[in-house]
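Enquirer: Sharing a structure with you now.
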Amino acid sequence: MALSSTPYDNANQETIKLEGSLDSSKLSCERGALVKEKLNVNEKISSLIGLQNRSGFYKVEGGLMSLLRNCLELESSDSTSIVSGYVDHYQCIEFEDLGWGCGWRNIQMLCSHLIMQRPEARNVLFGGSGVVPDILSLQRWLEIAWKKGFDVPGAEHFNYKIYGRKNWIGATECAALLRSYGLQARIVDFGPKECEELYLSVPGSSSGAQMVNLIDANKRKTAKVNGPMDRFLVSRNDGVPQTGSSGHEKSKYSRSVLENKSTQKAKGHQVLVDWVWNYFSDGRICTYSHQHVNVSGKTPLFFQHDGHSRTIVGIQVKQQRNGMQQYNLLILDPAHSTKGIEKALRENNGWQKLIKRGTHTLNKPQYQLCYIDSGIAAGADLELLKKIDSLFLEL
C-alpha cells in the first residue's frame, strides 16, 4: 500500500528545493562575479597597452654590454668571463625615484634583455609592445598581476595598490610581474641554516622595518631587518612547506642539480658565487673574438639583499699565482650614472670599481636571486606560477 505524504514531508521537500535554488543562485552569482572580474582585468590590460609610457633612459651607443666585453677582452688571458647578451642600464633619477626605485630599475634592465634576446618574451611582455615601460606603468602591470592572483600574500601586504607609491619592492615582486605573462621566473634564497624552513615560500617585500621571528626546532629568536627584504623571511604557513606551487622541480637549477656541482663543497658566500658561475656557464655559450670572454644565453639576475638590489650581468674568474681562483660578479647598479659607467668603459679606466664585485664584498647575511627559465607557461602551468616559492641554499 502506498504511503501518503504528510504536510511535514511536503514542507521539507519545498525547503530542499528552496535551498537548492539558493545554492544555484549563489553559484551563479559567484560565476558572474568571476566573469566580471576577468572582464575588468582584460579591460585594464587593453587600456594600459595603449596608455603605457616607454621609460626614458640614457642609450649607450654601440651597447653597454659590448663596451664591457671589450674591456674584459683587454684584461689578462688568465681570466675567463661569461656575460649576458644585450642589457640596457637604467639608473635611479634624483627627485624621481632615487632612494626607492632600485627594484623597478632592475626589472627594467631585466626586461630590456628579455625583449631584445627572447622573441617569445617580447611577444607577451607588456601587451607585446616591444618597449620597456616607465615605473608608473610597471606599477600598473604589477597591480594587474596581483588581480590575476599572482603572489596573493604580497598583494595583500600592499593592499593590492602600488601605483604612484614609493614602496620598495624586491625579487618577489619582479617574479610576480614576469610570471603574470607566463615567464618562468624563479627565486633562489641564500641564508643561514636556521632560517631554511622560512625560505620555503617567499612573501612579497615592503618598506619600513619589522620584527621577524626566525624559528628552528630548538629555539626562537628575533631579528630586525629593513627594506625590500624585510618580509621574505616570514613563513606563510608557520614554516610549513608549500605544495602545489611552481616550485623548482621543473627548473634546471633544482636542489638536486646544484648539489651535484661544486656548490656543495663551497663555504659561506662562495656558495652564491659558485651558483652564479654554474648558472651563466650552463647551456649555450657564444665565444667572441677573445676566447676568455664568452656570452651566455642566460638572462641577467635580479640580485637582492637587505636595503638594495642590483643586476648581475655576468661573472669572471681569475687564476691566481698561488693556484687559487678569484671570482668577481659583474654587476650593473641602478644607483650609478649610466654616463659615468659608459665613460669609464670607453676610457678603460675605473670601470672595475663600478662593475666588479669580489666574494669579499658579499657581507650581508641573506641574498635573493631571481632568474628566468626559458619557455612560456599556459593553462595549468600558468596557474602553478601564481604561488611563489623559492629554492634555499645555505651560506
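Any Cβ shown, glycine's included, is placed from N, Cα and C.
The structure displayed is predicted, hence computed values, not measured ones.
TrEMBL lists these features:
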- 81-194: domain 'UFSP1/2/DUB catalytic' (DOMAIN)
- 256-370: domain 'UFSP1/2/DUB catalytic' (DOMAIN)
- 236-261: region 'Disordered' (REGION)
Enquirer: Pull the DSSP breakdown for the domain 'UFSP1/2/DUB catalytic' (256-370) and write it out as helix, strand, coil residue counts.
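Expert: Output for the domain 'UFSP1/2/DUB catalytic' (256-370) reads 37 helix, 39 strand, 39 coil.
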Enquirer: Report the mean pLDDT of the predicted model across the domain 'UFSP1/2/DUB catalytic' (256-370), rounded to a whole number.
Expert: 87
Enquirer: What is the three-state DSSP composition of the domain 'UFSP1/2/DUB catalytic' (81-194), stated as helix, strand and coil residue counts?
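Expert: So the counts come to 56 helix, 13 strand, 45 coil.
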